[in-house]
Amino acid sequence: MKSLNRQTVSRFKKLSVPAAIMMILSTIISGIGTFLHYKEELMPSACANGWIQYDKHCYLDTNIKMSTDNTVYQCRKLRARLPRPDTRHLRVLFSIFYKDYWVSLKKTNNKWLDINNDKDIDISKLTNFKQLNSTTDAEACYIYKSGKLVKTVCKSTQSVLCVKRFYK
């Protein structure tokens, strides 16, 4: 095998530095492109597309208006539920979506229920207990409107917001 003279070796050295730089840049750009292409698989979001993430919960404005029965069904289809009346997130949700929306509080036969699961609710633990306790109707459903729970007819149509915890 022939040995290379000094000039040839010098030329190889001069050419190898730019080639090495190009290879490094190419590798970095390729890595960035791969990351961007597979970012959903590499770094999954806690909430699906369209859902808004806030304090370990995901919220979805369905942009539809329904009665309470249909609302519960719609949220269940999405593996979610209606916002509870005792959550501290109600004001934040109102400021984000700026809509009146159903909450999971219903009065039926003078019993207070969570319509997500039909379990009894102790309304004395709710912040607006006095306002709710003054309700004389045998049946009423509630929406969150401008900072407070407001009684409405259960068959009326109101905006639907669904909520679920991360990764469910």
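Heads up, residue numbers simply count up from 1 along the chain you see.
For all residues, glycine too, the Cβ spot is worked out from N, Cα and C.
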For this session: Just choose from CYS75, CYS141 the cysteine that Swiss-Prot connects to CYS154 via a disulfide.
Result: CYS141
Problem set entry | Overall pLDDT for the domain 'C-type lectin' (54-163), taken as the rounded mean | 84
Problem set entry | Residues from the same chain, set at least six apart from the ends of the topological domain 'Intravirion' (1-14), whose C-beta lies under 8 A from its own | none
Seminar exercise, completed: Out of CYS141, CYS154, CYS162, the listed disulfide-bonded residues, fewest other Cβ atoms within 10 Å surround the Cβ of CYS154
For this session: Count the other Cβ atoms sitting within 10 Å of the Cβ of CYS75 (disulfide bond), across every protein chain shown.
Result: 24
Problem set entry | C-alpha spacing of CYS75 (disulfide bond) relative to CYS154 (disulfide bond), in angstrom | 16
